[in-house]
Each structure stands twice: as C-alpha cells, then as structure tokens.
Amino acid sequence: MGYTTQMNAARQKIVTKEMQAVAAWEGIGMDRLLKLVANGQAVIPANKNHKCLKPFGIGSALKTKINVNLGTSRDCMNMDVELEKVMNAVNMGAEAIMDLSSFGDTRVFRRKLTAECPAILGTVPIYDAIVYYNKPLKDITSREWIDVFKMHAEDGVDFMTIHCGLNRSTAARFKQSKRLLNLVSRGGSLIFSWMELTGNENPFFEFYDDILEICRQYDVTLSLGDACRPGCIADAGDVSQIEELVVLGELTARAWEKDVQVMVEGPGHMALNQIQANMEIQQTLCKGAPFYVLGPLVTDIAPGYDHITAAIGGAIAATYGASFLCYVTPAEHLRLPTVEDVKEGIIASKIAAHAADVAKGLPGAADWDYRMGQARRTLDWERQFELAIDPEKARRYRAQSQPEHSDTCTMCGKMCSVRNMNKILNGENVDIME
Ligand code: SF4
C-alpha cells in the first residue's frame, strides 16, 4: 500500500479510498483534506481489519460527527437487543458506535460488529480487560492491559479510548485537589484504582510507545481519554482536568511523530459560560487535534433530561472547536438506555451537531434549514416530514391533532400567520371569523 496510517498516507500525499469517500461526503477538496489529516487536525478512523467500514472524517473543519455508546452490562446482557440498538443508531445517522460491553463474551459481539457494522467502531479496552481476565483488578499485569489493546486492534476496532493522561503525577495532583465528585470516568476510575492497588505507573502511559506501534500496524486512531473529566459543574476547569489535558497534549505530539491519528476527549459537566474557553485551551494544548466531548452537560440537576443538558453544551462546544459529540440519553446517570432512550439521545445529539455546523458556516449546512423554511412557507406538510430530523415523530404529532382546515395546524387554526400572509400577499381576503 505504501503507507501505514491515513496520517502517514496524507503526509506522503497518497490519496486513499477512505480519503476519497470523506472528501466527497464533506464536499471539500482533496488538497485541503490531505493537509488536515497530515497535520492531525482531522482523523479518518479506519482499522485495516474493519472491512465493511463506511469512513468518516472527524475534525473541526469538517461536519460535526456523533458517537453512540452501546454494549452489554452485567445487568443487561442481551446481545440481540444491543445489536438492534446499533443498527437503529446507524440508520439514524450515527457516524460512530462505541462498544462499551462489560459483561459476557465481549469478543463475539465485537467481532460481529466489525464484520457487519459500517459505522466507525470504538472501544475502551480497560473495561474489556476486566471481563477478559476475570480476576481481581490488582492481579492484572501491566502487559495484560496492553495485550487487550492489541486484541481489539486485531479485531478491527477503529478507535480506542485509553486513559493515559492519568499518570502518577496527575494522580498525585488529583488526590491533593479534593474534588467534589472525584473521578467519574469509568475507565479512569478503574486505572486509578489499579495504580493505587499496585503502586505501578499507568501502563497506557508507561508503555505508550508500544501502543503507538500497535496503532501504526492496524491504523487504530487513539482517543486520549479524560480520566479527570469533571463529573459536576463544581469540578469543571479545575487543576486535575487541566493538568491531564497538558499531558494529553504531550502524548498527542508523540503519536503524531509516529504518524498515529489522535483525538482528545473532553468534559464532562461544565457550565455554559466556561465551554468556549475550554475548547480554546484544548485547541492550544493539543495543537488542533480533534476534540471529542462527552456532553458537556451544562447543569447537574436534570436526570431524565440529560440528552437536553448535553445537547446545549454540545452545540456550544462544537461551535467553538469540538468536532465529535458523544451522545447522551435521557437515561444518563440512571440506567442502561432502552431502544427509545437511544433514539432520543441520537436525535438530541444530531440537532446539536447540525446547529453547530450552521453556526460555523460550514458550506451547505444551512441549506437543510432553508429547505425547511420553504416547506413551512408553502405549508407543505409532506415536505416538512421528509426534511424533519425525526420524520416519524413529526408525522405522528400532526396526525394526532388534525386541524379544521388542512392549510393550518391546531396551534393557531385560522389565525395561522403563514397561511394569512400567503393570502394577503397574494391579494386574497383574510377573514378569521368566516
Ligand atoms: S397554525 Fe400557527 S403553528 Fe401552525 S403552521 Fe400556522 S403559524 Fe405555524
């Protein structure tokens, strides 16, 4: 092939088939895409063993993408239900799926995904190592963590989250800083516990060069996890979060030296007024590497509605530099999401992503809205359903509440401003009482 990773190809000006697909989807020129991938400002996660992949690019100059987290857990271990959620998510436009399975035969499910699922696939090998070795946390060796990473790479996973920014120095600073909600990252809390139990350095930090070699071999994109992401707005922007981000910036540079593609993960919970500055700090410390945000949830008080708190934060984050939004469902903080929760989370996240693309002025982004404006002006309900981000819901709502006159809806009836303006500007009479 003449190249190792997509980044390595871009640096040699080799145009891969994945780049061709991405450039066509984004509507950008190949020279621009090559430059973005070569300098790390866009990634194309595409493991060489994920043969059915439909590739997408992730970067702030490209359309905002979303990720959907799925997978089995000890309490909900039905693989068929999880697979149904995966396929629904893909059909609803999720560009990426993270398999966070933490129970059962995870390799069977993972391999089924890389064989059948066209979305970009991500995993967190820390979770899987616990299941795979099935022994006390403290007895897992440093090399065993890395072996699981390699196994996921062989299985065709396109990107992996590793919590390598939480090294002994960051951990010491975290313990000093006395946060309200400690570490809420599942992987971060596990690796911190392992470090405390064994006294060892974080293996993903200690053996980072070995990780990079595996990434080069399979073209795995690293997603540098934020173990210290704030889990409540009181912890946002604190010393632990920023110190970890500094380490992640250094690890980003080391990955780029080996042509390994990198994303950096971000908050978490964060008040609305802090998001823009946080995105700018990340862009500076990590030299424009794509930022993958988990929310941010702009308030802590809305369990049951956290798809909304996350969509508000996600839209602002993506406007100011984030390029990849991890969806949040109404079930966040409460339970494993159902099929319906997943749908609501995806829609909320897609709205946030699109709103940001419009705000950033990405070519073509506002055209969709313009077409909806045209359909509303002509009261063309069928066209409005076609253009709706959730056509089924839009159609169902209108069907459930039929107006007396079909050129209105039951909100305003004959006082419909759209209908009346169309009439008066067309020289027709407007009589509300007739
Ligand atoms: S009736 Fe009111 S809400 Fe419904 S389409 Fe007309 S202006 Fe809009």
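Keep in mind that glycine also has a Cβ here, set from the backbone N, Cα and C atoms.
Note: TrEMBL annotation is automatic and uncurated.
What TrEMBL records for Asn69, Met98, Tyr127, His163, Ser185, Arg186, Gly187, Asp226, Ala227, Cys228, Arg229, Glu265, Tyr292 is substrate binding site. For His269, His333, the entry in TrEMBL reads Zn(2+) binding site. The [4Fe-4S] cluster binding site annotation in TrEMBL covers Cys409, Cys412, Cys416.
Distances between the Cα of His269 (Zn(2+) binding site) and those of the binding-site residues Tyr127, Ser185, Tyr292, Cys409, Cys416 are shortest for Ser185. Listed binding-site residues: Ala227, Cys409, Cys412, Cys416; maximum Cβ neighbour count within 10 Å falls on Ala227. Each of the binding-site residues Asn69, Tyr292 was scored by how many other Cβ atoms lie within 10 Å of its Cβ, and the smallest score goes to Asn69. In sequence order, Val184, Ser185, Gly188, Gln241, Glu265, Gly266, Pro267, Gly268, Leu294 are the residues of the chain that are 6 or more apart from Arg229 (substrate binding site) and have a CB within less than 8 Å of its CB.
Highest Cβ count within 10 Å among the binding-site residues His269, His333: His269. The binding-site residues near ligand 1, defined by a Cβ under 6 Å from one of its atoms, do not include any of Ser185, Gly187, Ala227, Tyr292. Considering only the residues assigned to substrate binding, Asn69, Met98, Tyr127, His163, Ser185, Arg186, Gly187, Asp226, Ala227, Cys228, Arg229, Glu265, Tyr292, the longest pairwise Cα distance works out to 20 Å. Neighbour count (other Cβ atoms within 10 Å of the Cβ, all protein chains): 22 for Tyr127 (substrate binding site). Cβ neighbour count for Ser185 (substrate binding site) (all protein chains, 10 Å cutoff from its Cβ): 23. For His333 (Zn(2+) binding site), the nearest of the binding-site residues Asn69, Tyr127, Tyr292, Cys409, Cys412 in terms of C-alpha separation is Asn69. Within 10 Å of the Cβ of Gly187 (substrate binding site) there are 21 other Cβ atoms, across all protein chains.
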